[in-house]
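Participant: The structure under discussion is supplied below as structure tokens; questions concerning it will follow.
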């Protein structure tokens, strides 16, 4: 019973202190929420004296700073006293209009009312001004204390102590370490003897033994059991769902052994052997054990066993095994650092002892940082080679591979800084260069695992393996990194109070004109706009897929309605989000008006296209799927956006046409309203052919084609007499003009076949060549082999008697000489 009361003592003390502080905080303000400025004066005077003297300890300055932060928050809250009433009075003064200037006067009743309102406004603003002055004073005192603490931290960081490389001090360090262990063991033995003598051990033995057995089993076997269970889940098939199940089961690799360690610690506490020295040590052992198992779990997640698809690291199995070992050793080094630090505080170790005992941990920590850097460089090189198709790491390297390689190189350099500083006596700087880096690496590994979990969730939602490398997982990873910023700050020595102060400053936001925008406003705007955007897309999907298909509206009208609902929905979502977030944009109206004039000249084409896009959606001269011709471009309309329209040509190329071209230019729409269109097929036959017979054959071919409509019936036109043929045309109306090329091709095949059967000749262009000067050709040498060598091409020049054919020597047009084409 006494032992349990001793464990409840700290809890009762904490509750009592909390109650006292709460009463003190309530005493600092009156019933109206106004701070007690008399008490503030005494606190401010005490703070100013301490700052001027600079003799207080860091802990005392920290306590004083916390008090000042509390006061400053009260003053900040007091600045909103009478805010509603002040706004009402200011509105009344504004309603009276501007006060007369110079010798001008105003009615007595208005002047009296103006005077009364100004006096009331000054009375209401008096406590606000007082709070603002006190806020400035408290903020200045906090800044002064922060400056003193920063100077002391810098001095401590750069303070040089004894070097651990002096063999004369090694014995002192070893004696201090063994003395700490002996003192702890002595306390345990004394408490054990006491428990045995008073007979309390026999009553607690069953409970202690049960806790020890359960704790040892869970500590020694629990992690292995959970690893086997996760491997069994993923053994059948590696799917996102199974990966997520195995991931959540893998959390048991941390939870089960930590629960076992807690059971062992509880068994020691129940046994009654825990004293003043062992109690804080057990708390540190519990924290250190949690750190070790988290590091081992991260090692398995980041460097998994076997060939895991889509793994976080691209390394060989040997390097993966090294990564798991290094990650586990990082947890072990950090745990040992915590335990050594607790021993040092309990036994008041000297600087020599700390330098000697912490030096091996610093060297081992630096070595682990070096190995992690080497692993990251190997991963970056492998990722670069895979991204470049194996061509090497110098070409085609993606950004992530470059970044990881750079981090690896930086870690290799940093790994030597800590041991070197520790060797020359700068122990504090060495610890800052090693242990926060190790903690940051574990946190980065945890963020990598979280990002992978989010990616697998997204793959499971989208049911697409390619979604793992999409935009949403990347943005989620960036958000996770941003959220983790406070944890990195804590690792690198920023206090929780300082973080809270930074958060308060962020909540205050920044001023834009008369509008203050804070992260809360921005988050509210982002959430509401996202909700509105999602709802708009859902409504569009419902209209497009469910409601509109059941109506008689044509596809173009449906697309116009869906697009209009999208524009209206996004606009309303933005307006509602801005209004709800409390962002007042009225003060920006003048600036926006001035900018709109200048921007209007530069963006007039874009505005014109935007308005034209709206006109197209309303009038709908063209719709998606129409076959159109505009500006010399012919093809199908595939998309009508706000600024431009995308046309897919028959060559399967996309042509982006500004919407203003459709409104101001001429557009030919071949399929507007229906797909019926006319086919004109020219046909030529030789002179001397029976024209009536040709007309009958062509009409028969046209009427026989299934794509040709009989109402109106197809016609054959004897177009005229050509240069070498009798020209006919088949003119027919097709059911679907989109098939005009295939119909034309098929009719040409039928015409060629029937003309062969009917012995009808299809003429073709013929050209006769007449030589005007054949005697010039006969004047050449009879035997080219006996000619003068200088007359040959190899001689480099032509003989004077050589004859050449010029363009005038060729009669390609017939004419008076009787040529016939």
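Note: Cβ is positioned from N, Cα and C throughout, glycine not excepted.
The compositional bias 'Low complexity' feature in TrEMBL is assigned to 790-803. Annotation source TrEMBL lists compositional bias 'Acidic residues' at 810-821. For 129-187, the entry in TrEMBL reads domain 'DUF3772'. For 605-672, the entry in TrEMBL reads domain 'Mechanosensitive ion channel MscS'. Feature annotation from TrEMBL assigns domain 'Mechanosensitive ion channel MscS C-terminal' to 681-762. According to TrEMBL, the feature region 'Disordered' maps to 778-821. The feature signal peptide is assigned by TrEMBL to 1-27. Residues or ranges marked as transmembrane segment by TrEMBL: 205-222, 243-265, 285-303, 355-373, 406-426, 432-450, 471-494, 522-539, 560-583, 589-618.
For each feature listed, report its degree of burial, its nearest neighbours and the pertinent distances within the displayed model.
Facilitator: Computed over the domain 'DUF3772' (129-187), the whole-number mean pLDDT of the model equals 84.
Per-class residue totals from DSSP over the domain 'Mechanosensitive ion channel MscS' (605-672), listed helix then strand then coil: 21 helix, 26 strand, 21 coil.
Same-chain residues lying 6 or more positions outside the transmembrane segment (205-222) and placing a CB less than 8 Å from one of its CB atoms are 252-253, 256-257, 259-264, 266-267, 270-271.
Outside the transmembrane segment (355-373), and at least 6 residues removed from its termini, the chain residues within Cβ reach (under 8 Å) are 161-164, 169-170, 172-174, 176-177, 322, 326, 329-330, 333, 336-337, 340, 344, 349, 407-412, 414-419, 422-423, 425, 427, 430-431, 434-435, 437-438, 441.
Same-chain residues lying 6 or more positions outside the transmembrane segment (432-450) and placing a CB less than 8 Å from one of its CB atoms are 157, 294-295, 298, 301-302, 312, 327, 330-331, 333-334, 337, 362, 365-366, 368-369, 372, 411, 414, 417-419, 421, 477, 480-481, 484, 487-488, 491-493.
Within its own chain, the transmembrane segment (560-583) is flanked in space by residues 515, 517, 521-522, 524-526, 528-529, 531-533, 535-537, 539-540, 543-544, 548, 553, 617-618, 620, 640, 642, which lie at least six positions past its ends and keep a Cβ under 8 Å from the stretch.
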Participant: For the transmembrane segment (243-265), find every same-chain residue at least 6 residues outside the stretch whose CB is under 8 Å from a CB in it, and list them.
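Facilitator: Those are 211-212, 214-220, 222-223, 225-227, 229-231, 233-234, 282, 285-286, 289-290, 293-294, 296-297, 300-301, 453, 456-457, 460, in sequence order.
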Participant: Going along the chain, which residues at least six beyond the ends of the transmembrane segment (285-303) come within the CB cut-off of under 8 Å?
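Facilitator: The answer is 223, 227, 247, 250-251, 253-254, 257-258, 261-262, 265, 312-313, 315, 319-328, 330-332, 334-336, 338-339, 442, 445-446, 448-449, 452.
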Participant: Using a Cβ cut-off under 8 Å, which residues of the same chain at least 6 positions beyond either end of the transmembrane segment (471-494) come close to it?
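Facilitator: Residues packing against the transmembrane segment (471-494) from afar: 153, 432, 436, 439-440, 443, 447, 450-451, 454-455, 458.
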Participant: Taking DSSP states H, G and I as helix and E and B as strand, how many residues of the domain 'Mechanosensitive ion channel MscS C-terminal' (681-762) are helix, strand and coil?
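Facilitator: Counts, helix then strand then coil: 35 helix, 22 strand, 25 coil.
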Participant: On the DSSP side of things, how many residues of the domain 'DUF3772' (129-187) fall into helix, strand and coil, could you say?
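Facilitator: Going through the domain 'DUF3772' (129-187) residue by residue, I get 51 helix, 0 strand, 8 coil.
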